[in-house]
Structure formats: structure tokens, C-alpha cells
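A.B. asks: Submitted below is the structure of interest, expressed as C-alpha cells.
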Amino acid sequence: MTSLPGTIRPRRLRTTPALRRLVSEVRLHPADLILPMFVKETLAEPAPLTGMPGVVQHTLDSLLTAAEEAVAAGVGGIMLFGIPAHKDEIGSQADAPEGILNRAIALLAEHLGERTVVMADLCLDEFTSHGHCGVLDAHGGVDNDATLTRYASMAVAQARAGAHVVGLSGMMDSQVGACREALDAAGFPDVVIMGYTAKYASAFYGPFREAVDSELTGDRLTYQQDPANGREALRELALDLAEGADVVMVKPGLPYLDVLAEVAAASPVPVWTYQVSGEYAMIEFAAAAGAIDRERAIAESLIAFKRAGADAILTYWATEVAQRLTEGRP
Ligand code: PBG
């Protein structure tokens, strides 16, 4: 063929900004963004994190201020992580009513509960002296069923504190069912369960370990998923749905877009994804080195999640991006 078939030209739809805007298949809205926040019991001042430039561990006071700002920007919700002063073998502070995470939930629920969705991480790793997501058996392994009892108690404590959504990130088998049963029995049938359905054992959680002062020395390979396994995510999805998960999650984000797309295609409930600490750090450090355009890289990574099928995204840039979107910038 010597000339182009002149009638079919995909570039035609890319000619002006208005046309490109009109034909874009997915878009971001501030309400699609969920802000993860850290609150630490022993702090007198917010503490910046070296591995996540721009992110801090909060005091209760600074948490409320930053949460107000996020809500004013229109974010869809806030996901809380707590770092207690005292860690022990069973993570006692996780379900103590006066534990730092439960106090933070209560604070935000009281001040912002009418205007946003208050969510809490439901896992033991921030609370245990050994840093594992569950309690240990006599051989040092993570005891699945003994951990379920702790999670059930945590779910009720978080619900009593005022959490609208509990985020089950521990990857124990039957965690969704155990927490649903406990919440219903305690009189919290409306508390939403978000299951971290496909959560992979990932190097991209690196900076998060600093953020929660993690004491972990080993790894989580016996409970989090192997990065090689995609099909297994659908098995986890079937189980979480059968146990009553209201929302499911794929995590991390960018390295697992294929898994996200498959889960999104198969799921009858909302599917969220988590742009984790290491993904945040990669973009921040590459931008600081002048290698990439920071704002464009952030926007592109977030739109990729929407394209793959995510309904909402947990991202440490939630407030900043929500503000930009409200100002009408991409
Ligand atoms: C476990 C939990 C982790 C993250 C969220 N919940 C760490 C882990 O599984 O090791 C990681 C989030 C991030 O890296 O931003 N409670």
C-alpha cells in the first residue's frame, strides 16, 4: 500500500484539549481518593518520614487538622493507622478502648464523621513486639485461628470507637467472616468490611515499615500472596465475597494492575487499590532527582488505576490531588 487509508485516523480525537477531555474513558474525582494517615502515641510534634517525603506521623492534634484539610479538599475517606507507645506479643493496644488507634478513630468520628468516611486498619503488625500481622504459635509461626479472635475483638473495638469501615489487611484465612460475625453479634451490622483480598508480600511496603515503627525481622511470605500468583487472587476474592466482604482491595497498585483488572472484572462489590508507600517514594525521589515530572507522574499513576478498574484509590497524595482536581487541573 502506498498511501494511508485516509478515513480512519485515531489522531483526529486527540487534536484539541477539549476534544481529548470529551473522549477520555475514565476520570478522577476527589471522592475516588482515600487518604491513609499515621498517628503515633508518643509524639509531641508531627514527625516527618525520611522514606516518604511529605508524609508525617501525626499527633492527635495534627491528625485532626490534616484530616479537616483532606475533607475540605473533598477526599472520599480517611484510613487510619496507629502506632502505640507499648507493643507486646499479642498487640494488646489494638483493641484497648484507650489505644491510640481507637482514640484517633473516635476523634475523627466525632469531628468529621458526618462529612467523611472514617476507616481504620485492622491488623496487628503495628501493635505486636515481633511485628507480625498475627499472634505467634509455639514455633514462632503466625497462628491463623488464634489471630482471628484478636481481629474479631479489634473489629468491635474500632466499631465502638466510631469507625464506618474496617480495613482487614492481615491476610489471615477467614478474617472477613470472623469480623462480620463479631460485628453483627456486638450490634454493628452497618459497619462496612473492606477486605484486603489480594495483598501481596511486597518490597514496596518498605517505607511503611518506618512509618509504623515496625519491629518485623522476618517476612510475611506465609500469609501474604506470592507475587507470581495472579489466579490465586480470584480464589481470595471468592472467599471474601462468601464471607461477606462489602468492598475488596488489590495491593500494591502499579505492579499488580493485571490483578486489579481481573478482580474488577469479576467483582460484584466495589474494588479499591492501594498505591503503597514504595510507589509513593519512587515517584517522589525520582522527581526530586529531576528524572520525572512529579505532578504528571502522580496523575498518570492514578488514572492507570481507574483504567484498570479501581473504584477508589488509597494514596498518600489524596489531599494534594483532590485540591488540584477541585481547581480544575488534571
Ligand atoms: C499491614 C499493612 C501494611 C501496609 C498497609 N497495611 C504493611 C505490610 O503488610 O507489611 C502497607 C502500606 C504501604 O506500604 O503504604 N497492617
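Each residue, glycine too, has its Cβ placed from N, Cα and C.
Grabbed the feature section from TrEMBL, which reads as follows:
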type	residues	note
ACT_SITE	Lys199	active site, schiff-base intermediate with substrate
BINDING	Arg209, Arg220	5-aminolevulinate 1 binding site
BINDING	Glu236	Mg(2+) binding site
ACT_SITE	Lys251	active site, schiff-base intermediate with substrate
BINDING	Ser277, Tyr316	5-aminolevulinate 2 binding site
A.B. asks: Reported as an integer number of Å, what is the Cα distance between the residue listed as 'Mg(2+) binding site' and Lys199 (active site, schiff-base intermediate with substrate)?
C.D. replies: 10
A.B. asks: List which of the recorded positions Lys199, Lys251, Ser277, Tyr316 have their Cα within 10 Å of the Cα of Arg209 (5-aminolevulinate 1 binding site), in sequence order.
C.D. replies: Ser277
A.B. asks: Based on DSSP, name the secondary structure state of Ser277 (5-aminolevulinate 2 binding site): helix, strand or coil.
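C.D. replies: Note: Ser277 (5-aminolevulinate 2 binding site) is helical by DSSP.
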A.B. asks: On a C-alpha basis, identify the one among Lys199, Lys251, Ser277, Tyr316 that is nearest to Arg220 (5-aminolevulinate 1 binding site); the candidates are the recorded positions.
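C.D. replies: So, spelling it out, the nearest of the recorded positions is Lys199.
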A.B. asks: Roughly how many Å separate the Cα of Lys251 (active site, schiff-base intermediate with substrate) from that of Ser277 (5-aminolevulinate 2 binding site), to the nearest whole number?
C.D. replies: 11
A.B. asks: Just the number: how many Å between the Cα atoms of Lys199 (active site, schiff-base intermediate with substrate) and Ser277 (5-aminolevulinate 2 binding site)?
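C.D. replies: With the alpha carbons as reference points, the distance is 14 Å.
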A.B. asks: Can you check which residues sit near Tyr316 (5-aminolevulinate 2 binding site), meaning Cβ under 8 Å from its Cβ, same chain, 6 or more apart in sequence, and list them in order?
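C.D. replies: Within the chain, Tyr316 (5-aminolevulinate 2 binding site) has Cβ neighbours under 8 Å at Leu35, Pro36, Met52, Gly54, Val55, Gln275, Ser277, Tyr280.
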A.B. asks: From the recorded positions listed here (Arg209, Glu236, Lys251, Tyr316), select those whose CB sits under 6 A from an atom of ligand 1.
C.D. replies: none
A.B. asks: Let me know the DSSP-derived helix, strand or coil state of Arg220 (5-aminolevulinate 1 binding site), please.
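C.D. replies: SS state of Arg220 (5-aminolevulinate 1 binding site) = coil.
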A.B. asks: Here are some recorded positions: Lys199, Arg209, Arg220, Lys251. Which one has the most Cβ atoms within 10 Å of its Cβ?
C.D. replies: Lys199
